[in-house]
Protein chains: 2
Amino acid sequence: MSRGTPKPLSGFPEFLPAQREVERQVIEALSRTFELHGFANIETRAVEPLDQLLRKGETSKEVYLLRRLHEESEEGHAGMGLHFDLTVPFARYVLENAGKLEFPFRRYQIQKVWRGERPQDGRFREFVQADIDIVGQGELPFHHDVEVTRVMLHALGTLTSPDSIGLPGFTLQVNNRKLIQGFYLGLGISEDDGGVENTMRVIDKLDKMPEAKIRELLRDEAGLSDEQVDQCLALAAISAEDDSFADQVRELGVTHELLDEGLDELSALVRACAPLGNDRVRIRAELKIARGLDYYTGTVFETRLDGHDNLGSICSGGRYDALADDGRTTYPGVGISLGLSRVLVPLVNKGLLVADRTVPSVVLVALPDEESRVASDAIADSLRANGVPCEVAASAQKFGKQIRYAERRGIPFVWFTDRDGNHQVKDIRSGEQVDADPQAWLPPTNDLKPTIVRTDNQ
Amino acid sequence: MSRGTPKPLSGFPEFLPAQREVERQVIEALSRTFELHGFANIETRAVEPLDQLLRKGETSKEVYLLRRLHEESEEGHAGMGLHFDLTVPFARYVLENAGKLEFPFRRYQIQKVWRGERPQDGRFREFVQADIDIVGQGELPFHHDVEVTRVMLHALGTLTSPDSIGLPGFTLQVNNRKLIQGFYLGLGISEDDGGVENTMRVIDKLDKMPEAKIRELLRDEAGLSDEQVDQCLALAAISAEDDSFADQVRELGVTHELLDEGLDELSALVRACAPLGNDRVRIRAELKIARGLDYYTGTVFETRLDGHDNLGSICSGGRYDALADDGRTTYPGVGISLGLSRVLVPLVNKGLLVADRTVPSVVLVALPDEESRVASDAIADSLRANGVPCEVAASAQKFGKQIRYAERRGIPFVWFTDRDGNHQVKDIRSGEQVDADPQAWLPPTNDLKPTIVRTDNQ
């Protein structure tokens with residue numbers, strides 16, 4: 001038994017039923033789209049051995065460790081931690097099951113992840129991510145980079161459709177690591193002393209720092225000359241909705257084999273994906289995107305939610321030429337991870353998105369008196385047999401009260417049966433009441449499941 | 001990047017894609033049934049404050065504690081733990097949101113739970129539970145006990161249907177705490193010195209110990225006389241598929257007000273639910289069922305899976321008159337929890353249940369040469385627009401190899417387009433190949449999603 005009045009735990013968002021319905025419909029729409037593209041669903045366990053989790057240097061401080069309450073040895077302490085993303089567990093899953101999987105392996109995974117950080121604005125300790133990845137065994141042709149981009153654009157297009165969830169629009173920003181690295185190398189920045197890596201790390205902070213500070217860091221930390229700084233900033237300023245970015249890059253006069261490769265890949269990606277854009281979902285070559293983490297080796301993605309720049313990138317990823325390696329075989333991959341909670345929790349908490357009812361029930365079967373419960377249950381079962389979610393009134397109150405019971409939950413129909421066994425169903429939104437047969441009656445299709453209501457003008 | 005060849009973690013089951021599909025279809029069928037009965041879905045966070053988790057005495061040793069990797073204070077140590085069931089978090093959720101919920105509140109919750117125990121046969125450290133509960137504010141009439149039983153019978157009936165997942169049959173065993181307690185009190189067993197509670201605890205072990213040992217414990221630990229022992233064992237031996245159990249109880253000659261109340265409730269429950277039974281799902285009054293945990297106050301449930309007695313009860317629950325209490329209001333509840341992993345993991349791991357393909361794709365769009373990829377993608381998009389999951393061949397191998405690519409994944413159809421733009425689709429199971437229009441072609445409905453194959457004779 002639970003006692004007292006508990007308070008919410010900061011960083012661990014939870015939804016009321018009508019809010020959870022928004023999340024469920026988003027997950028359903030994503031799953032549906034991913035499956036239309038042949039992606040299989042998997043789930044991995046919540047825990048990973050700590051040595052796996054700590055490989056990805058930067059995030060190690062955010063890991064939650066597990067310990068059994070009455071653990072006697074200290075061993076349990078350091079043995080396992082909760083996963084902080086879905087990429088590390090997926091890479092482990094691929095290696096563990098490589099002999100049983102068919103490659104290229106397309107999978108999607110929608111699960112909670114945990115990060116033990118101090119919860120700040122928009123930061124969660126528990127949140128849901130939706131990841132798609134394609135992994136090859138030994139090799140993975142570039143066309144799969146195009147494929148994952150198309151799939152995510154399709155998915156975001158579905159979520160933003162006014163006929164579906166009606167999320168705000170998205171801009172998927174793409175770049176290519178080969179392009180940046182090749183450009184830096186062509187500028188004479190050295191790879192050996194960490195110059196390329198440091199330059200990329202500083203450029204990645206362009207959105208967070210004033211340009212003067214960036215210039216200073218490029219000079220002092222990456223060791224760039226003033227001319228190199230100018231060129232790097234010129235590259236980072238390039239942005240286009242089509243492949244015209246390539247000409248802009250070439251006008252900077254830098255040449256390198258790797259730059260050419262990157263330009264070719266990014267151009268091909270933008271050409272293949274731009275036609276999928278519309279007024280809600282756009283793809284854009286954005287040459288300042290670098291992604292801090294160091295394992296990306298080609299295409300990189302970030303995504304902005306229109307009108308919610310403060311959320312940062314809500315959908316990121318890229319190509320990694322070595323997602324996993326078992327000593328004999330390398331598994332290259334390309335994938336994108338959508339921060340579901342990062343998008344939904346703020347919108348839902350502000351009341352911008354909510355379901356129009358708090359229960360799945362389309363019909364409340366009214367109860368004339370407690371003795372009629374068996375008959376009302378039978379009516380409800382007839383409706384359910386036709387796929388109509390419904391519930392029988394909890395008590396035999398006056399019909400006016402039963403109607404208000406339905407209203408409070410957003411249930412659109414109330415079913416009445418008189419003493420002679422005549423059935424009528426009332427749409428309590430319009431007040432219209434008509435004869436109906438419990439074996440045959442169906443509500444309008446739109447009423448079968450809760451509708452997500454979007455209110456931008458709150 | 002993940003390296004080496006990781007080994008599975010004992011107690012943390014994971015599925016391959018075709019196995020996960022079984023679990024997904026089970027979850028989908030359960031969710032669908034619960035929603036047909038008006039149950040709203042919620043999810044609660046994975047963690048609870050430790051003081052909430054430790055209330056339920058017996059399981060405290062199984063809790064996983066969380067600690068941040070670089071936690072400086074010892075505070076983080078004891079602050080939070082992973083939930084070990086869905087009842088404790090639900091009770092907390094009800095109290096936390098009581099002002100925003102409508103009562104009676106029907107919810108279902110399908111989530112992972114964690115127990116830090118040593119993994120033994122059939123014991124998991126991470127597993128999925130599917131819970132339904134109805135909670136009232138202040139009061140909750142008995143008819144809701146009947147309701148949850150009917151809902152779970154409906155759900156189990158769906159899972160066992162050969163047209164659906166085809167799980168083995170179930171027997172839902174019911175009893176009533178008032179009946180047992182009233183009987184013991186009527187026998188003169190005292191409530192004050194723990195006699196009733198100790199008797200119940202010993203009787204709960206009937207399946208695990210020889211009768212002689214039970215007799216000894218009833219005498220020594222519960223302080224019963226030989227006659228009382230005989231009567232308690234006689235009560236526990238009663239079992240019936242209808243309300244005839246009540247006459248058998250009355251023949252034992254014990255009377256008590258609470259016994260009458262329990263007999264009335266259990267009889268009403270069995271009468272209302274027995275008609276929902278069939279050759280796969282049965283309900284049975286089983287008077288030895290007591291449930292060890294002490295918060296049940298009326299109806300109690302256990303469930304056995306046919307042919308898998310070793311799994312123990314895979315679906316348990318009951319009525320609790322005080323699920324939660326905020327000092328002003330008490331929230332009574334009645335619910336059942338289905339141990340999804342407990343049922344599925346053994347069946348799936350033995351190969352008894354598996355999906356007939358490893359990918360959602362119904363169609364593999366063949367690729368004549370790499371230059372045709374754009375055209376093949378367009379065909380795939382046409383099929384997807386009609387709701388047909390498909391994928392384009394990963395490389396332009398010979399058609400024979402592309403067909404084998406589909407076969408290995410269980411994809412039933414391969415789509416061919418010749419140089420003149422004529423389309424044909426081949427059912428690779430039958431070999432039949434017919435003309436088809438990518439804008440209009442649909443597979444047989446049965447092929448739209450993977451079918452669960454049940455193989456009992458492995």
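Glycine too: its Cβ is placed from the backbone N, Cα and C atoms.
TrEMBL names A:D85, A:L86, A:T87, A:Q129, A:D133, A:R291, A:Y295, A:Y296 as L-histidine ligands; from the candidate set A:R115, A:R118, A:R280, A:R282, the record adds A:R115 to that same site. Checking TrEMBL for region 'Disordered' across the ranges A:41-62, A:415-436, A:437-458 points to A:437-458. Classification of A:R291 (L-histidine binding site) by DSSP places it in coil, neither helical nor stranded. In the structure shown, the C-beta of A:T87 has more C-beta neighbours within 10 angstroms than that of any other entry among the binding-site residues A:T87, A:Q129. The maximal spread of the L-histidine binding site, taken as the longest Cα to Cα distance among A:D85, A:L86, A:T87, A:R115, A:Q129, A:D133, A:R291, A:Y295, A:Y296, is 22 Å. According to DSSP, A:T87 (L-histidine binding site) sits within a helical segment. In terms of DSSP helix, strand and coil, the region 'Disordered' (A:437-458) has 3 helix, 3 strand, 16 coil. Within the group of binding-site residues (A:D85, A:R291, A:Y296), the Cβ with the highest number of other Cβ atoms inside 10 Å belongs to A:Y296. In the predicted model, residues of the domain 'Aminoacyl-transfer RNA synthetases class-II family profile' (A:22-360) average a pLDDT of 92. According to DSSP, A:Y296 (L-histidine binding site) sits in a coil region rather than a helix or strand.
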